[in-house]
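These come from TrEMBL:
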- 1-11: compositional bias 'Basic and acidic residues' (COMPBIAS)
- 1-23: region 'Disordered' (REGION)
- 49-67: transmembrane segment (TRANSMEM)
- 73-92: transmembrane segment (TRANSMEM)
- 113-135: transmembrane segment (TRANSMEM)
- 159-180: transmembrane segment (TRANSMEM)
- 278-299: transmembrane segment (TRANSMEM)
- 389-413: transmembrane segment (TRANSMEM)
- 419-441: transmembrane segment (TRANSMEM)
- 453-486: transmembrane segment (TRANSMEM)
- 506-529: transmembrane segment (TRANSMEM)
- 568-585: transmembrane segment (TRANSMEM)
- 605-627: transmembrane segment (TRANSMEM)
Amino acid sequence: MEVERAKKDDDLNSADGGGGSAEEVSVERIFEESADAPPPWQNQLTFRAMIVSFILSILFTFVVMKLNLTTGIIPSLNISAGLLSFFFVKTWTKILNKAGILKQPFTRQENTVIQTCVVASSGIAFSGGFGSYLFGMSEVVAKQSPEANTPLNIKNPHLGWMIGFLFTVSFLGLFSVVPLRKIMIVDFKLTYPSGTATAHLINSFHTPQGAKLAKKQVRALGKFFSFSFLWGFFQWFFTSGDGCGFANFPTFGLEAYENKFYFDFSATYVGVGMICPYLINVSLLVGSILSWGVMWPLIGAQKGNWYSADLSSTSLHGLQGYKVFIAIAMILGDGLYNFIKVLGRTIVGLYKQFKNRDALPVNDRSPSNTVTISYDDKRRTELFLKDRIPSWIAVTGYVVMAIVSIVTVPHIFPQLRWYHILTMYIIAPVLAFCNAYGCGLTDWSLASTYGKLAIFTIGAWAGSANGGVLAGLAACGVMMNIVSTASDLMQDFKTGYMTLASPRSMFLSQAIGTAMGCVISPCVFWLFYKAFPDFGQTGTAYPAPYALVYRNMSILGVEGFSALPQHCLMICYIFFAAAVFVNGARDAVGPNWSRFIPLPMAMAIPFYIGGYFTIDMCVGSLILFVWRKLNRPKADAYSSAVASGLICGEGIWTLPSSVLALAGVKPPICMKFLSGATNVKVDSFLNPS
């Protein structure tokens, strides 16, 4: 997503480094006193862990895919994955224990393995580009863009090549950073706030008090999961035609509805709003008001002057062009600023690390010269270095996968030459390291930014005559998968470090999860693609908005600004500069004041899509705000579980709704909302007497 994996403020603020400071209560002493010794790494990868991981991977892939294909805002689901994995396996072991056949108790290491596998698998639904670069290659999206609409720049989705492509490019990121795990986690002691927060959560689950709270959280998740699922089922009955159902309720009046301002009764986005920080939700609302409330009506008034009045509503030479390209300008401005900022922090951080050392450790056998302070640090470091992953395995794996990819990918995308891929794989380990290191400092993955760089560089290198648009999109996929899986793996290593999970079990769990995702995600996407005839078209239930955005980025990189309508380029320059300026202002004023300044990346999302989902998300924020005012401890304990239930319930409803659509079963009722004057005309037409 473009506001990548939005985290809860509390998760990030409460996450300590887990490795450099003395802790008031020694977590590892508590587990040692309870005789909870870590099992061997082979016993952490249990059969039940893989079964539970597979089931949860399907569930979370449906959730991520739905979010990906509607607005592109995907919250962090690590807590939900950890909570549900705890519930499933705890129930499993409880039943076996009562039957007297329990062979192995459920440990926090196994919990970590499952969470890692599920997040790795469902993450392919994002990095696989099903809502962005991959679907942007299709004829459906190409028809919405007048430029480069040729067979050379079009490749329609097909299950076979999608699975093959993901298998050839998704594993390189894992091998690229494995040799650096000790440097990142033990020597540099990078924070990785999300990985640390997830570790604290899993550790707490496996204490007596934490287990009781986890059961209550799972109960709350189950209640709201059921409500959300049944609510989605109920709404389905009223959606037999276009513009029907509760999702089209004109909450603020018909004129506001025409400008995409209404509450669409989506439990999913109410839940997302509860998980995302207040600032992101407010930024989305400000962006929707600025665009749909101010800019688009003003630019629309110039119809016939700035652009032809005869153009269709989807033409990029008309108002649609302003919506798409101004959003792209803000996304690129924000991405460039954050890329330079994170890269700068990476360089400064590395300089400080090198300055305090005679030499950089280069392999797992090099002794750690960092003085450990706490017992927990000593215990965690000892076990983290115990099960080493030999560097030669990582290097060999990377080289073998690179060769396979260089040979295979040009057969899938002839526009992407072997030397394009070789060039990317030569520089990819450096970019993967930068992304993993920057993510450890800031918790901000720049995977989509690196993907956009690949779009512009490789697309321009290939050239318009050689299918540069498709080559740029395919290159985006290659690069995004490498840098995304690299940062995800290092986050998981941090979680494993703090839960005493073996690096070998973590690596294998990530690899198994990635393999699952390479099959599950394309199958889930294929179900959506086949079930809904209007899939991917603007204004439908699943518009896949970023597919058109990414395709037009590739067109810009290859063919320049010929697709832009009049004055659009000047406005794009203004918004690009504004995105850079606002980000600079946020950093300049400090954290106390920056929380009142909107995020440009979040503001850009509703520019093209509309503001309806921002209303839902702000309702979620309002619910959480009021809940915290009334009972903050309870809200902090249960809000994530409630939000996860709302997201997962309606998200999983898409499976039966897709099956019903494939079977040709249509809802029986169309509920529409009309103005009084239109209603009189309809009545007079139906009852002419």
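For all residues, glycine too, the Cβ spot is worked out from N, Cα and C.
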Candidates 389-413, 506-529, 568-585, 605-627; stretch with most C-beta pairs under 8 Å toward the transmembrane segment (278-299): 605-627
Range from 49-67, 113-135, 159-180, 419-441, 506-529 with the greatest count of C-beta pairs under 8 A to the transmembrane segment (389-413): 159-180
Among the ranges 113-135, 419-441, 453-486, 568-585, the one whose Cβ pairs under 8 Å to the transmembrane segment (506-529) are most numerous: 113-135
Folded-back contacts onto the transmembrane segment (453-486), same chain, C-beta under 8 angstroms, at least six residues removed: 120, 123, 126-129, 132-134, 136-137, 148, 152-155, 165-166, 169-174, 176-177, 405, 409, 412-417, 420-421, 424, 428, 431-433, 435-436, 445-447, 510, 514, 550-551, 553-559
